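A short write-up of the structure that comes next.
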């Protein structure tokens, strides 16, 4: 637990998963505009690889390196409909994992299917966004990130609460007519 982490306490790391390059670039841009650190991958398989959940036995990496890498993700936002591993499958694998079950997961889809939305929420998704994702959607992520950080890190960091200033959040939310 190095001291260098203190300078990055305000920047959250989001793993964005979408097989569509257009949607992936859009969500990446929206997240970066909101000062999030973003890692974007194009499949559920690559997301599981990034998290170290694809294979329980890591042959290429040492356990300490992969574990250090894992704790850096504060939120996962994924497309629902992807080849091989769907967003729903990815959600289930994350929620079944001891290391990642407390990390908030948000599902995105271009299809408004109530049964799909309900099943994702029942499996533990924090939000379900309809595409195209907008800045007002991204603004809804911060409370989930704050809650996730408090449960995943048992540090006594009170300044984190300052990020939830209602004035600042409201101002940004009301001015969601940003030129994109």
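Each Cβ is built from the backbone N, Cα and C atoms, and glycine gets one as well.
The domain 'Response regulatory' annotation in TrEMBL covers 13-146. Residues annotated as 4-aspartylphosphate in TrEMBL: 79. Positions annotated as region 'Disordered' by TrEMBL: 143-180. The compositional bias 'Basic residues' annotation in TrEMBL covers 143-158. Annotation source TrEMBL lists compositional bias 'Basic and acidic residues' at 159-180.
Around the residue listed as '4-aspartylphosphate', the same-chain residues six or more apart in sequence whose CB sits under 8 Å from its CB are 17, 18, 19, 20, 23, 87, 107, 108, 109, listed in sequence order. Note: the domain 'Response regulatory' (13-146) comprises 59 helix, 24 strand, 51 coil (DSSP; helix = H, G, I, strand = E, B).
In the predicted model, the domain 'Response regulatory' (13-146) shows an average pLDDT of 89.
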